[in-house]
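*Asks:* Before I ask anything, here is the structure I am working with.
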Amino acid sequence: MTFYQIVFLFFAYSFLGWVGEVLFTAVVHRKYQDRGVLSGPLCLLYGVGGLVITFALGDIREGWFFLLVFSAVYATVIEWIGGHILEYTTHTRWWDYSAMPFNLDGYVCLGASLTWGALGVVVLKWGNPLLLALYSLVPRGVWVVVLLAALVVFCVDLVGTLLAMAGLRYRWPAAAAVENRLANLTVRGGMWILDHVERRMAKAHPALTFVRPKRQQTDTFAAGCSPYKIILLFFIGAFLGDITETIFCRVTGGEWMSRSSVVWGPFSIVWGLAIAMVTQLLYRYKDKPASWLFVMGTLLGGAYEYLCSVFTEVVFGAVFWDYSAIPFNLGGRINLLYCFFWGFAAIAWFKVLFPPISACIEKLPPRGGRVLTWALCIFMAADIAVSSAALVRYNDRLNGVPASNSVEVYLDEHYGNDRMYQVYPKAVHTNS
């Protein structure tokens, strides 16, 4: 699938989602209500969800049940995250399922999730083939011009909406206080755009406000579920996950092997992201019964591991685990037993590990904690960049592609096949 086809599908599903939301509101509430966040006729949840389902679940399009289940899980998580972001930035709910059975704090509910699952089936079974057939009817040059223009307008719309949601209008100086003529005109123009965006959004949701409340000062570092704590939990989870998998392979397979995701240090990105995201997603539900955490961990963990497997194969041309020999597997990417492991891991994390680890993080001195967090972020960014380049070059070498520049020569010298096999012994290259 080409870049322009991806962009086309994103806009198509975003627009169709917006039309569906508007029609639903018109039928149920007998009034027109713009259901989109942007000024344009787009509903981003549908566009993002459509692309995630397209790329993540393309391999199982023939399996109706799993396609329905995983479409429901992915789309529900996207809706849950989107609902929280909108409520946090606008201080109002854009939808509320509180009156629906089996809802989770009104953000998602079973009925909506099943609807998302059915839409996911429609997307892969009929939606994508039909839309791509329509795409092929128009010359490529026309699509390039139209889609690039649409992307520019979309980016301008998105930036204006994000600035409005960030409450920038209430933090800018008053235009009258800006003496420089050019700066004054810039401020006035920006104020006009943000005011237009706010008025448009307020028509659909009169209760929303973009005024940011003042943050309460605290002497505790990374209190609650702050970004600093989530970042540090990523590193802790990445390290503990790597060590756990290494020991597991030794016990079950009888050999020591690297389970790292990066070339510098024992860090499993899959585990680090899993710990960080599950903490962010389920922090407010950490006191729920163990059975609830098990079910959520099983579903979210399985969907997450499947998505990671697809991502690494698409980006790096390699699969880093294969469960084809284990019963009840799905394309070798996940299996039922390890999905249950994710469920037990969720219980162990919130009931046993998270409380003491969280307490230790909060004991760090605020300034030292911030410096440590930023230093680790810089290190990991460099580690991921080098590891990604080394993996791409590793795959190219296996395909017989010679080094064409000094960077590739450096990678060949320092991250040759032996070194890469040592770091990624289970990697299976799918296009070599």
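Cβ atoms here come from the backbone N, Cα and C positions, even for glycine.
As annotated in TrEMBL:
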type: TRANSMEM; residues: 6-28; note: transmembrane segment
type: TRANSMEM; residues: 40-58; note: transmembrane segment
type: TRANSMEM; residues: 64-86; note: transmembrane segment
type: TRANSMEM; residues: 107-127; note: transmembrane segment
type: TRANSMEM; residues: 142-164; note: transmembrane segment
type: TRANSMEM; residues: 221-241; note: transmembrane segment
type: TRANSMEM; residues: 261-283; note: transmembrane segment
type: TRANSMEM; residues: 290-312; note: transmembrane segment
type: TRANSMEM; residues: 332-350; note: transmembrane segment
type: TRANSMEM; residues: 371-392; note: transmembrane segment
*Asks:* Does the transmembrane segment (221-241) come close to the transmembrane segment (6-28), meaning at least 3 CB pairs under 8 Å for residues 6 or more apart?
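*Replies:* The transmembrane segment (221-241) and the transmembrane segment (6-28): touching, no.
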*Asks:* I'd like to know if the transmembrane segment (371-392) touches the transmembrane segment (290-312) in this structure, counting it as a touch only when three or more C-beta pairs sit under 8 Å and are separated by 6 or more positions.
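*Replies:* Since fewer than 3 Cβ pairs under 8 Å link them, the transmembrane segment (290-312) and the transmembrane segment (371-392) do not come into contact.
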*Asks:* Go through the chain and flag residues at least 6 beyond the ends of the transmembrane segment (64-86) whose CB is under 8 A from any CB in it; none is fine as an answer.
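*Replies:* For the transmembrane segment (64-86), the far contacts come to 37, 44-45, 48-49, 52-53, 56-57, 93-95, 104, 107-108, 112-114, 116-121, 123-124, 281, 299-300, 302-303, 306-307, 330.
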*Asks:* For the transmembrane segment (107-127), which recorded stretch in the set 40-58, 142-164, 221-241, 261-283, 371-392 gives the largest number of Cβ pairs separated by under 8 Å?
*Replies:* 40-58
*Asks:* Determine whether the transmembrane segment (371-392) and the transmembrane segment (221-241) share at least three Cβ pairs under 8 Å, counting only pairs 6 or more apart in sequence.
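*Replies:* Yes, since the transmembrane segment (371-392) and the transmembrane segment (221-241) share at least 3 Cβ pairs closer than 8 Å, they count as touching.
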*Asks:* Could you pull out which residues elsewhere in the chain have a CB under 8 Å from any CB of the transmembrane segment (142-164), counting only those six or more residues past its ends?
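*Replies:* Residues 4, 7-8, 11, 37-40, 42, 135, 190, 193-194, 197-198, 201, 210.
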*Asks:* Going along the chain, which residues at least six beyond the ends of the transmembrane segment (40-58) come within the CB cut-off of under 8 Å?
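*Replies:* Same-chain contacts beyond the flanks: 6, 9-21, 67, 70-71, 74-75, 78-79, 82, 116, 120, 123-124, 127-128, 153-154, 157, 306-307, 310, 314.
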